[in-house]
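Asker: One structure, as structure tokens, below. Some questions next.
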Amino acid sequence: MAKTTKVKGNKKKSDTSKVVSKVSRKRSHEDSESEVEDNEKVVEELDADFDEVAGLLGDDIEDPESKSQSKKEKQKAKDEAKLEQLTKPQVSNEVPDNDNDDDSSEDVLFENADFSEPTMKAIKEMGFTKMTKVQAKTIPPLLAGRDVLGAAKTGSGKTLAFLIPAIELLYSLKIKPRNGTAVIIITPTRELALQIFGVARELMQFHSQTCGIVIGGADRRQEATKLAKGVNLLVATPGRLLDHLKNTQFVFSNLKALVIDEADRILEIGFEDEMKQIIKVLPNENRQSMLFSATQTTKVEDLARISLRPGPLYINVVPEKDVSTADGLEQGYVVCDSDKRFLLLFSFLKRNVKKKIIVFLSSCNSVKFYSELLNYIDLPVLDLHGKQKQQKRTNTFFEFCNAKQGILVCTDVAARGLDIPAVDWIVQFDPPDDPRDYIHRVGRTARGTQGKGKSLMFLTPSELGFLRYLKAAKVPLNEYEFPANKIANIQSQLTKLIKTNYLLNQSAKDGYRAYLQAYASHGLKTVYQIDKLDLKKVSASFGLDQVPRVNLSIGGTKTKKQKRS
């Protein structure tokens with residue numbers, strides 16, 4: 001078990017902060033000395049001003065009736081159609097249901113399962129005692145050799161649901177390293193692949209079979225060497241897996257099981273062509289397949305048809321009457337103007353430094369700027385986004401996982417599937433594109449059967465129309481009001497800091513431009529209207545006193561969903 005620690009950074013600023021200070025000091029002696037003094041004064045003033053705010057964001061949160069706002073009629077029909085598509089279940093009639101209203105699975109214990117001795121020993125050592133509903137419903141048919149198409153809420157325990165049968169299959173067939181790869185698990189992101197690999201390694205600790213991982217950004221040559229030696233259970237991201245299938249000499253002709261996890265996410269980020277090529281290359285004779293997806297879309301159904309054998313078992317543990325988010329999750333939103341967004345975020349984080357918090361932003365450059373800024377003013381945070389090198393992403397992910405408290409600022413790269421322990425708050429600083437993205441973000445907290453957590457979403461007055469979409473998606477929300485006198489008034493000090501610090505100034509401009517580009521690419525145009533933004537106020541939230549020029553690709557080829565996330 002990894003030893004739990006606090007997120008590093010309390011005693012020293014981030015690497016970026018060091019660079020900022022170094023570069024600042026390289027200017028002329030007169031300019032650099034005065035600049036360093038100014039920056040130190042600004043940081044002191046930020047803390048002093050904050051300390052004057054008593055009882056900040058404590059128990060004074062009010063819960064009035066939610067507001068409403070009229071929307072443009074021009075795109076109403078288009079957005080209504082999108083709303084229906086986002087919230088309506090789309091399960092093919094060709095996939096049989098298996099009567100999921102039965103709750104008899106609630107008390108199924110692992111100790112009563114008929115698993116091999118090495119697997120049972122590992123499960124006991126990992127501390128698992130009772131199966132979740134998806135595990136109790138999925139494991140028996142998979143052990144019997146059925147193909148399964150599974151739908152489950154995030155945090156439902158589906159990783160064990162497919163790993164245990166896969167490992168039992170390797171054990172029963174007495175697979176050896178020289179037999180090559182017999183199980184392949186495909187997942188959308190590197191972080192999720194690392195997480196699944198970690199669980200697989202623990203489950204296989206008493207087995208003789210081998211497991212491995214191939215992901216983008218890792219050392220390809222080392223991966224190829226391990227594959228050639230024999231990896232029985234392989235966890236992979238689509239692009240890197242296809243690369244090895246085409247260019248690396250390793251044995252996969254004995255493939256007996258294929259698992260596709262987070263299938264909807266794989267397709268959303270643009271791996272549809274790669275998946276079709278992978279399935280075409282992999283042997284399908286006597287191959288058992290399992291496909292898991294949080295949402296069932298037409299594309300997911302198409303992928304299921306080409307990857308699963310005819311007549312798969314459809315398992316859905318999300319009752320139609322249920323809300324779309326976890327029962328132990330308290331959800332709220334706050335309405336504030338663009339220029340007050342960072343002030344409110346800073347105040348909230350400052351009051352909750354003893355908590356474990358994930359803050360979601362819409363772009364890599366916004367994450368980069370706000371993490372640099374917060375670390376510079378001695379509010380230590382970690383950051384995670386798609387432009388980072390893989391080693392940095394891996395180190396950050398595991399550091400935050402092992403921390404008892406801390407703040408992670410990230411893009412949606414951390415929003416799907418990742419099991420980060422004991423997250424207290426999910427803060428959606430930049431709004432999600434649609435209800436599905438919202439649900440996957442808040443799914444990082446209140447995980448498991450007894451999980452508890454809270455979420456807070458920031459909205460400007462012009463974005464209140466998004467609440468209607470969340471209501472249709474069965475997401476219960478309350479409005480939180482934070483009185484103006486309870487928010488730290490540090491705007492002048494923030495502006496001074498950004499103006500006098502060259503690297504922070506450049507980072508702020510990059511973050512501002514990226515925020516607007518992401519905003520312009522939102523799918524719900526009647527909710528997220530770029531022309532409704534007050535650019536002066538938006539730039540103020542980045543500490544800028546002048547509005548930078550931005551070229552927006554509205555309606556062009558640039559899209560929000562990209563492979564790099």
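A Cβ is built for glycine as well, from the same backbone N, Cα and C atoms used for every other residue.
OK, Swiss-Prot features for this one:
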type: BINDING; residues: Ala152, Lys153, Thr154, Gly155, Ser156, Gly157, Lys158, Thr159; note: ATP binding site
type: COILED; residues: 26-85; note: coiled coil
type: COMPBIAS; residues: 1-11; note: compositional bias 'Basic residues'
type: COMPBIAS; residues: 64-85; note: compositional bias 'Basic and acidic residues'
type: COMPBIAS; residues: 96-106; note: compositional bias 'Acidic residues'
type: REGION; residues: 1-106; note: region 'Disordered'
type: MOTIF; residues: 108-136; note: motif 'Q motif'
type: MOTIF; residues: 261-264; note: motif 'DEAD box'
type: MOTIF; residues: 340-356; note: motif 'Bipartite nuclear localization signal'
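Mind mapping these onto the model and telling me what they sit next to?
Answerer: Around the Cβ of Ser156 (ATP binding site), a 10 Å sphere holds 24 further Cβ atoms from the protein chains shown.
If you look at the motif 'Q motif' (108-136), the same-chain residues 6 or more away from its ends with a CB under 8 A from one of its CBs are 143, 150, 152, 156-158, 160-161, 164, 167-168, 171-172, 202-207, 315, 317, 448-449.
The motif 'DEAD box' (261-264): residue composition by secondary structure is 2 helix, 0 strand, 2 coil, according to DSSP.
Per-residue confidence over the motif 'Bipartite nuclear localization signal' (340-356) averages out at a pLDDT of 94.
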Asker: Per DSSP, to which secondary structure element type does Ala152 (ATP binding site) belong, with helix, strand and coil as the options?
Answerer: coil
Asker: Within 10 Å of the Cβ of Ala152 (ATP binding site), how many other Cβ atoms can be counted across all chains shown?
Answerer: 22
Asker: Among all protein chains shown, how many Cβ atoms are found within 10 Å of the Cβ of Thr159 (ATP binding site), not counting that one?
Answerer: 24
Asker: At a 10 Å cut-off from the C-beta of Gly157 (ATP binding site), count the other C-beta atoms across all protein chains.
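Answerer: That number is 20.
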Asker: With DSSP as the reference, give the number of residues of the motif 'Q motif' (108-136) in helix, strand and coil.
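Answerer: For that range the per-state counts are 17 helix, 2 strand, 10 coil.
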Asker: By DSSP, what is the split of the motif 'Bipartite nuclear localization signal' (340-356) into helix, strand and coil residues?
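Answerer: Summed by class, the stretch gives 12 helix, 1 strand, 4 coil.
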